[in-house]
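Engineer: The GTP binding site annotation in Swiss-Prot covers 12-18, 40-42, 304, 330-332, 412-414, and the record cites sequence analysis as its basis. Per Swiss-Prot, Mg(2+) binding site is recorded for 13, 40, and the stated evidence type is sequence analysis. The IMP binding site annotation in Swiss-Prot covers 13, 14, 15, 16, 38, 39, 40, 41, 128, 142, 223, 238, 302. The active site, proton acceptor annotation in Swiss-Prot covers 13 and rests on sequence analysis. If you look up Swiss-Prot, you'll see 41 marked as active site, proton donor, on the strength of sequence analysis. As annotated by Swiss-Prot, substrate binding site applies to 298, 299, 300, 301, 302, 303, 304.
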């Protein structure tokens, strides 16, 4: 049975949670493979809306096993807050599996994230201040703390001491802050480890055995393609690999086990934080999209930057991820527009670029080249097949598919779980 990767094809907030939940009804395991609690996603079930930041969105489904892979950085405090919140609403979380090799976000990572961002001033990246970057930096610098380190007091103390040696020097001498106490930090982490222990497992082994047994595994990426530390709009990116390749390194499953790569794209584009955004709308059209689409961050509450659909970005996402399918979300938001622009290429210093510039200075200078499609007025939330959509809406979808270089296999037509038109199966 297949290993299916689900990733964001733009700058995040594309509706991956809803797409994951849709596909998740047909799979046995849902595994997050990157990021931390810096990305939020919402899952709507009936009249209930669940805002998740760290837990896989498949946690809502009692018939599958949710997994947090080794590529995720885990803030235990946030994890327990989410578990407690769900269990208070009757959602059982006891089937959650957390990789013993995942790295921990310690309190000092959050402190450093906030202090460093303020220190950068106008050069800030626009982080959420939740310690994600510093935790990944420790991982690369080989001074990180893994989940299994929380179960050995002496070993943990040594690792915390090693990690804080340089950080305390920076806090005191560079940022004029107090040093962080090693003993107190160790005690706090040991207590968190006690509660975390029942969920901890060798998740790489679990997922590989599941695939060997013919189970279907969905690999759920946080953030999105354009925020990938290698393939995104560097340096305005996250600290991990949300692209399809990250599913393998972030779970311990080999690339030959992946049979389908599904990208999620909004029918328009949004972005949170700093960085270039060629189709961004700074006028009333952008505010209209923001209000119609309720474009405010799940994690931070920040208003999202909004713009028209960027086909150059989607073609790039298709290439980088090897997309087999696209799930197009929030098509309903565009109802009421007389005309809908689509960015088909860029103008960079007078030259047309049909593909993504590798030079970020060129990308920052890119001006969108638009073609315009007629809009529609009808409410499409009750449409259950592609043929039921208004003719101009169908034409818009077909044009996006053509420009993206990948088939559109499902369409989101509203906020509810059943507001979806399935065109092609994403599992078979």
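Think of each number as a place in line: the chain as shown, counted from 1.
For all residues, glycine too, the Cβ spot is worked out from N, Cα and C.
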Engineer: Within a 10 Å radius around the Cβ, which one of these recorded positions has the most neighbouring Cβ atoms: 41, 302, 304?
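Structural biologist: Comparing the recorded positions 41, 302, 304, the most crowded Cβ belongs to 41.
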Engineer: List, in sequence order, those binding-site residues among 12, 301, 413 whose Cα sits within 10 Å of the Cα of residue 223 (IMP binding site).
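Structural biologist: So the list reads 12.
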Engineer: Which one of these binding-site residues has the most other Cβ atoms within 10 Å of its own Cβ: 12, 15?
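Structural biologist: Compared across 12, 15, the most Cβ atoms within 10 Å surround 12.
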Engineer: Could you find out if DSSP has residue 302 (IMP binding site) as helix, strand or coil?
Structural biologist: coil
Engineer: Can you tell which of 301, 303 has the most other C-beta atoms within 10 Å, given these are the binding-site residues?
Structural biologist: 303
Engineer: Taking the Cα atoms as reference points, how far is residue 41 (active site, proton donor) from residue 15 (GTP binding site) in Å?
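Structural biologist: A Cα-Cα distance of 7 Å.
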Engineer: Provide the three-state secondary structure of residue 331 (GTP binding site) computed with DSSP.
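Structural biologist: In the DSSP reduction, residue 331 (GTP binding site) maps to helix.
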Engineer: Fewest other Cβ atoms within 10 Å: which of the binding-site residues 40, 223 wins that one? Let me know.
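Structural biologist: Result for the binding-site residues 40, 223: minimum number of other Cβ atoms within 10 Å at 40.
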Engineer: Neighbour count, 10 Å Cβ-Cβ cut-off, for residue 13 (Mg(2+) binding site): what number do you get?
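Structural biologist: Its Cβ has 29 other Cβ atoms within 10 Å.
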Engineer: If you draw a 10 Å sphere around the Cβ of residue 413 (GTP binding site), how many other Cβ atoms fall inside it, taking every protein chain shown into account?
Structural biologist: 25
Engineer: Distance between residue 413 (GTP binding site) and residue 302 (IMP binding site) at the Cα atoms, whole Å?
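Structural biologist: Approximately 24 Å lies between the Cα of residue 413 (GTP binding site) and that of residue 302 (IMP binding site).
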Engineer: To the nearest whole angstrom, what is the C-alpha distance linking residue 40 (Mg(2+) binding site) and residue 301 (substrate binding site)?
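Structural biologist: Roughly 10 Å, rounded to the nearest whole number.
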Engineer: To the nearest Å, how far is the Cα of residue 303 (substrate binding site) from the Cα of residue 331 (GTP binding site)?
Structural biologist: 20
